[in-house]
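Now, the feature entries from TrEMBL:
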- 174-218: region 'Disordered' (REGION)
- 198-208: compositional bias 'Low complexity' (COMPBIAS)
- 314-647: domain 'PDEase' (DOMAIN)
- 390: active site, proton donor (ACT_SITE)
- 390, 391, 392, 393, 394, 431, 553, 605: AMP binding site (BINDING)
- 431: Zn(2+) 2 binding site (BINDING)
């Protein structure tokens, strides 16, 4: 009721025993505090009856406890003045108290009382709760239940419980129980459902059942726990003490978290925008899996190696007119089509030699420049010059964008040299041997590649695998030959990961992970914290590399307008050719809007920018600082919008 020596004695004792303690002066404050904190031990002052009725308050506390938990195992102590004649404790017990403490303000007496309560009655109550949890679990599973503290340590005692199977056989259950009160008396909130109940093993009467349960025991006793499991457990625990609206909202959260594609949006249909629908269907799915009987044969053929590999040239041997077109290759406005014309549609070797030299790739790989030249020629020879878009000019364009991004300050802070080398190699090989058809087409056509890769990331898997086949098949072009084994494995894994990241089915997953793991934490720390830890963590370096090559791969809308228009015409022609072939082969037409007779190229570009480009480059710009690219993107979008508003379907307006 008021602060005095007895009050101070118990407060000191709680502090010494490392118990968390709250003091309330009125019944109302006590009930509110108990509702919020869910204490394990309640001490009620019975010495000042004129302030409040201790027995009534005890009954109210017990009612709250039962309402919150569905059972009563709370321990209550009544603090009383010493009576001249020893009175019966029965009225106190009937009110719900477990113990009577005669007034004694000596601090050590208070401390000893708390220790005895903890190690006696309170500990017993915790064990009873554990037993209740065990029996509930055993009723459901017939498997042994292991109960541990939060550190997964079994500490105290174990026993054996015999359960009955449905057929009446007796089944021995090994039961291990740890009290949820920690060593040293450090109490935490232990309400219903807070115990960690794990199934470990059960014994069947037959040998096969015993072997099966023995295997399950090893699985369930593993200490490996996925982060998402920890998140779900935390939410489950939070639900126990949450109001109904919050608990229902957490149920919806759990339902979402249990899906497999946490970072991929649920793509709804947009009947008013067939261009977006077709782009999503054609680029982000593996097709309709419907075969027509006349399967399209695209075989995993042997890589082509040019005959002139034996006489590689060096960087100094590049013809002057080709070298002149590459003078500004470090600028974003570099014109890849001028280089394409100057070197007769084989720009990858020449641009690769210059960019790889600028980044010191040969020195890092410990390979001669002649080997690099042979490798570039071998990779470029396996790009299809007959493709209007996915040819070596596209690879050179992606390599150029990758090199440009690698020079941005924030990117340089994030990546090491092995990451830079991996990015340049991945950009070079990311579309090697591309047939000019989408994954959806190959899956629908039952191509050999689709069968080989189980209709999953078909082209990207083929590009990565073929690149290493070409590289390691001939020592003359094996740029990895002199690398130390572990460093080679690290580099190889990074290259493969980046090539696979260009698959569009994972587009939104990669972008959302980048935003949530890098953009948002950086924004929170930039004003008053160090960002180095975020930039250089291994997981975030992987996200940066994936985002880098994704942006480089589809950066055409961010190029200067004339380059953007040329690329738009080339990709449209490739999609037109696919639609033509789908109709000839009676295959499902995965992108019907790309019919060369009816397609609006401005509409297709608007949809592509709206759906795929804007959000991704907003995130990349926030990280790498790319104002010139964002200005080009804005100008190009306005250009396509202007054509569309004039109902034009072509790349350019008609001449005046």
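Backbone N, Cα and C define each Cβ position, glycine as well.
Those TrEMBL annotations? Automatic predictions, nothing curated.
Remember, predicted model here, so these are calculated numbers, not experimental data.
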Which residues in the same chain, at least 6 apart in sequence, have a Cβ under 8 Å from the Cβ of residue 553 (AMP binding site)?
398, 430, 502
Tell me, how many other CB atoms lie within 10 A of the CB of residue 391 (AMP binding site), whichever protein chain they belong to?
24
As a test of reading the model: what is the averaged pLDDT for the domain 'PDEase' (314-647)?
95
Name the residues of the same chain, 6+ apart in sequence, whose Cβ is under 8 Å from the Cβ of residue 393 (AMP binding site)?
336, 337, 340, 345, 347, 348
